[in-house]
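Record features, source Swiss-Prot:
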- 19-163: domain 'SprT-like' (DOMAIN)
- 78, 82: Zn(2+) binding site (BINDING)
- 79: active site (ACT_SITE)
C-alpha cells in the first residue's frame, strides 16, 4: 500500500492548528509544554493517536485528505489533549474527566470521543461467514486464523461454528 501524499499547504494548516492550540493550553495552564512530533502514518479507521512516551501525534492521511477542515478542527486538538493530560495529570483514563476538562475548559472545544467521518475508504476487507441463523463478516486477521486452524468462531446468537460462505435462507 503506497503512502498518501499530504500537500504542503495541508500539512501547514495542521501545524498551525497544533501550534495555536498548544500555545492556548500553555497560556491557560501556565506551562511551557513542547511541540509534539507529528507523523502521517496512522492506519485503519482511527483518525489519530497520541503516543504519550514519545510525545507524538500520528494522523491518518486518508481521513485527513477526505475531511480536511473538520479533521484539522477536531482531530488535531483531540490528540493534543491526550498528550497534555498525560503531562499535566499523569496516567488517567483516556477519555476521562481530565481529558474532557482539557478539551472544553482549556482548548475550548467540545469533548467528542470519536469522529464521524466516513470510513469506507479505510475499512479493512472482510470475509463472509455463516452460521445456522445469519450472515457474519470476519476481519482479515480472524479469517486467516480460521484458515490456519488456530481459531474457531461461534455465533453469539445460535452458538454454532462459523463457516466460510454466504448465508442461505431456507
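Cβ atoms are placed via backbone N, Cα and C, with glycine included.
Annotated features taken from Swiss-Prot, shown on the structure.
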residue : record              : Cβ contacts under 8 Å, 6 or more apart
78      : Zn(2+) binding site : 47, 48, 103, 112
79      : active site         : 48, 49, 50, 57, 59
82      : Zn(2+) binding site : 50, 52, 94, 99
Problem set entry | Tally of residues which DSSP labels helix, strand or coil - the domain 'SprT-like' (19-163) | 57 helix, 24 strand, 64 coil
